[in-house]
Amino acid sequence: MKPSYPQHIAVIMDGNGRWAKKQGKKRTQGHKEGAKIVRDITQWCAEKGIPYLTLYAFSTENWKRPKIEVDFLMKLLEKYLHDEKPVYMKNHIRFRVIGDISVFNTRLKNAILELEHATQNHTKLTQILALNYGSRDEIARTFIKLAHTLTPHTLASLSSQDIISMINANLDTATLPDVDMLIRTGGEKRISNFMLWQASYAELFFTPTLFPSFGKNELNAMLEEFLQRQRRFGGVE
């Protein structure tokens, strides 16, 4: 069977702060530049016909950062959602969020929900932002939901595949395909509590390029390498 581009790309956007430091600028400037690349990479994936793109924007661990930086990131996110809405509408891009947004302030939550609603029928590409997201937290929340619906008697009658299907149906990503390709910029070689369940069979790509410097040519090279890899999913050729 002829190899094809991934259906679902996930990106750990790492290196904004280090990029800013190298430029002699504040970390906040690095985040601003990173937001521009979010727009670009979404457009590049749409041009390639890739249906789903998930971007790790703010993790459950990022609250440990200095309050001034966290506050800036929240304001930057709200501004991004407002400023980019015409782009989503014009390019028929659907916007979705995974993660626990209940802790965000009302204005930010409303901006997220408004853009999700406005773009819910768009079909060109679905862009998913992972916000206040951690894979362990997601799985724990899923188990809590299931615990309210399953009795010991019901559980005893289920096969492991039944349980896997139930978990899939209750994750934040319930209606999304598994991740085929996971990219991390910034040089680190770990996946940092990101989509541990969904990326079980993903092809991993690590680059030393800091996220604000990540470009179309590098993405294209990764996509070409993806086409060359043999994905056997535990089987044989």
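Our numbering is plain: 1 for the first residue shown, then up by one each step along the chain.
Cβ from N, Cα, C; glycine included.
Positions annotated as active site by Swiss-Prot: Asp14. Annotation comment: Swiss-Prot describes Asn62 as active site, proton acceptor, evidence class sequence analysis. Summarising the annotation, Swiss-Prot assigns Mg(2+) binding site to Asp14, Glu203 and lists sequence analysis as the type of evidence. Summarising the annotation, Swiss-Prot assigns substrate binding site to 15-19, Arg27, His31, 59-61, Trp63, Arg65, Arg184, 190-192 and lists sequence analysis as the type of evidence.
On the structure: features taken from Swiss-Prot.
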{"residue": "Asp14", "record": "active site", "DSSP (3 states)": "coil"}
{"residue": "Trp19", "record": "substrate binding site", "DSSP (3 states)": "helix"}
{"residue": "His31", "record": "substrate binding site", "DSSP (3 states)": "helix"}
{"residue": "Thr60", "record": "substrate binding site", "DSSP (3 states)": "coil"}
{"residue": "Arg184", "record": "substrate binding site", "DSSP (3 states)": "strand"}
{"residue": "Ile191", "record": "substrate binding site", "DSSP (3 states)": "coil"}
{"residue": "Glu203", "record": "Mg(2+) binding site", "DSSP (3 states)": "strand"}
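Of all the recorded positions listed (Asp14, Glu203), Glu203 has the fewest other CB atoms within 10 A of its CB.
It is Trp63, among the binding-site residues Trp19, Trp63, whose Cβ has the fewest other Cβ atoms within 10 Å in the structure shown. The distance from the Cα of Asn62 (active site, proton acceptor) to the Cα of Gly17 (substrate binding site) comes to 13 Å. Sparsest Cβ environment among the binding-site residues Gly15, Gly17 (other Cβ atoms counted within 10 Å): Gly17. Counting other C-beta atoms within 10 Å of each candidate's C-beta, the recorded positions Thr60, Asn62 are led by Thr60.
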